[in-house]
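Colleague: Dumping what TrEMBL says about this protein:
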- 1-20: signal peptide (SIGNAL)
- ASP236: active site, nucleophile (ACT_SITE)
- GLU260: active site, proton donor (ACT_SITE)
- ASP329: site 'Transition state stabilizer' (SITE)
Amino acid sequence: MLGLAKLALVGLTSLHSVHAATADDWRGRSLYQIITDRFAPPSDTAPARTSPLPSTCDPLAQTWCGGTWLSIIDKLDYLQGMGIDSIWISPVSRNIDVYTPYNYAYHGYWVNDPTTLNPRFGTESDLLALSSAVHERGMYLMVDIVVNNIPSLSVSASLSSSSLAADNSYWTDPSDFHPQCWIDYSNATSVEYCWLGDDKLPLMDVNTENPNVVQTLQSWIANFTKAYTIDGLRIDAAKHIPGDFWPGFCGAAGVFCTGEVYGSDIGFASQFQTQQWMDSILGYPLYYSLVNAFGAPMANMSAFVDIGKQVLSSFPHPEYLANFLENHDLPRWRNTTVDPQLAYNAIVAQHIFDGIPLIYYGQEQDFGDGAADPHNREALWPSDYANTTTYQRIGRLNKIRKAVIANNTQYAGHNFLDSRATFIASSNYDVAFRKGPILAVLTNRGSPSQNATFGVGQTGFTSQSDIVE
Ligand SMILES: *[C@@H]1O[C@H](CO)[C@@H](O)[C@H](O)[C@H]1NC(C)=O
Ligand SMILES: *[C@@H]1O[C@H](CO)[C@@H](O)[C@H](O)[C@H]1NC(C)=O
Ligand SMILES: *[C@@H]1O[C@H](CO)[C@@H](O)[C@H](O)[C@H]1NC(C)=O
Ligand SMILES: *[C@@H]1O[C@H](CO)[C@@H](O)[C@H](O)[C@H]1NC(C)=O
Ligand SMILES: *[C@@H]1O[C@H](CO)[C@@H](O)[C@H](O)[C@H]1NC(C)=O
Ligand SMILES: *[C@@H]1O[C@H](CO)[C@@H](O)[C@H](O)[C@H]1NC(C)=O
Ligand SMILES: *[C@@H]1O[C@H](CO)[C@@H](O)[C@H](O)[C@H]1NC(C)=O
């Protein structure tokens, strides 16, 4: 175990006396997910860290396309122009840097040394520069954290500390991992203790029953969040570690944590809040309901109403969930749903329902040529960061959210942030819900436009009153 020795030798490089962001600070924010390698190209102020770079970025080639922490800074204006005030960047820690059966670790999820930065994306001073640039704009910085699984080049290599060391792995002691077994998703114990990955690229499952492992991870994250003034963590594969690991880890980090709990099982997912394992999770249950409701013309609107109500009643704090329509593991929304009207309606639901709206880079550019990983990890720059209709509508939704939050605008004594969404009417194809002063009336009838009648009953608006669309 190298960790404790390393930690004891090196002091904190810098301590910032800023107030760490809490879940309540995050709930009024608007979040944007970035794969660092794919968001912005190298520039005069952001030198390439990989060379040579491919002349065009083919996601199927699964190699580095050149984005860095410094190049993200170039495009913060673009994000603010859409009302985005917080970014989630892909993992920053060092990865295996070799060719694998799944090509290269351009995405950053094959972390073999959490304590060292990934030179493919920049240096310590580059990450500090990004953190400062984000904070100067009043934005928040969230970093993706991978602790559950550590890549190995083969199952046999994973049993030999010498071959792990040869790959510069931080973890070399067999007691750092659970014994090898592949996950059986029908067995909850196996989900937590067995390994992700496969024979071609095993991902060893970290042993969080080993107190040295826990201590190392906690010391590292405490230092890391302070050193770079990180405001939040997105926790990869959160359901693959026993829940009682997380309060100590997120407590050491001292910042907001939102975990990836892949799947539609609300009973399981809501334990992250009911058991107080972490502040928040990514809104997978709501995502599936929005796909079922808005993913095709005249699809199943009751999926949104039913699941939406279950989310509200099962999670003590639905306002902390991060609600998304796309991410790096899922098909682009426009790949499965080409009708823009359906996308716009789903985006409104995503921004007005309880939670932190989360846009995946490229969603605002209507990227659709991306069925799933690796197709959905295109470079953003060929879009020229255009001022698309979707970009403008997201901007408008963020303006509305910000205005009612800043004004503490009320309806019947309820403001936006402190109130829960309430479904007030629905038909097979339409839905109306209120959250504080905002009333959202949505349809999945799709294009072309048609005349239809949908009664929303008591809106609280009196005849002739001015309402803002
Ligand atoms: C804390 O983080 C900084 C910045 O990454 C690093 O230079 C330093 O070595 C770390 N200290 C410890 C004790 O891990
Ligand atoms: C579930 O998985 C665990 C870990 O692999 C294993 O020990 C246990 O036998 C499995 N239980 C069943 C019922 O298969
Ligand atoms: C519509 O969604 C509801 C709620 O999730 C579900 O019970 C119902 O079976 C779905 N109907 C269809 C036709 O898929
Ligand atoms: C969906 O993505 C696949 C490849 O990922 C592409 O071939 C197909 O054309 C896309 N569909 C749409 C509607 O863009
Ligand atoms: C985008 O276009 C709209 C409509 O023309 C305009 O109001 C807005 O200022 C533009 N935004 C940017 C960032 O160029
Ligand atoms: C916010 O307050 C300002 C100033 O009182 C007012 O002009 C504006 O209409 C309000 N906006 C909302 C959305 O409440
Ligand atoms: C909807 O009804 C209005 C008023 O009757 C009419 O002007 C309009 O053409 C209709 N639109 C469609 C798409 O039928």
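Every residue gets a Cβ built from N, Cα and C, even glycine.
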Colleague: Around ASP329 (site 'Transition state stabilizer'), which residues of its chain at least 6 apart sit with Cβ under 8 Å of its Cβ?
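Modeller: Expected: TYR262, ALA372, ASP373.
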Colleague: Between ASP236 (active site, nucleophile) and the residue listed as 'active site, proton donor', how far is it from one CA atom to the other, in Å?
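Modeller: ASP236 (active site, nucleophile) and the residue listed as 'active site, proton donor' have their Cα atoms 5 Å apart.
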Colleague: Around the C-beta of the residue listed as 'active site, proton donor', how many further C-beta atoms are within 10 angstroms, looking at every protein chain?
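Modeller: Other Cβ atoms found within 10 Å: 19.
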Colleague: Sort ASP329 (site 'Transition state stabilizer') into helix, strand or coil using the DSSP assignment.
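Modeller: Assignment for ASP329 (site 'Transition state stabilizer') reads coil.
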Colleague: What count of other C-beta atoms do you get within 10 angstroms of the C-beta of the residue listed as 'active site, nucleophile', across all chains shown?
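Modeller: If we count other Cβ atoms within 10 Å of the residue listed as 'active site, nucleophile', we arrive at 19.
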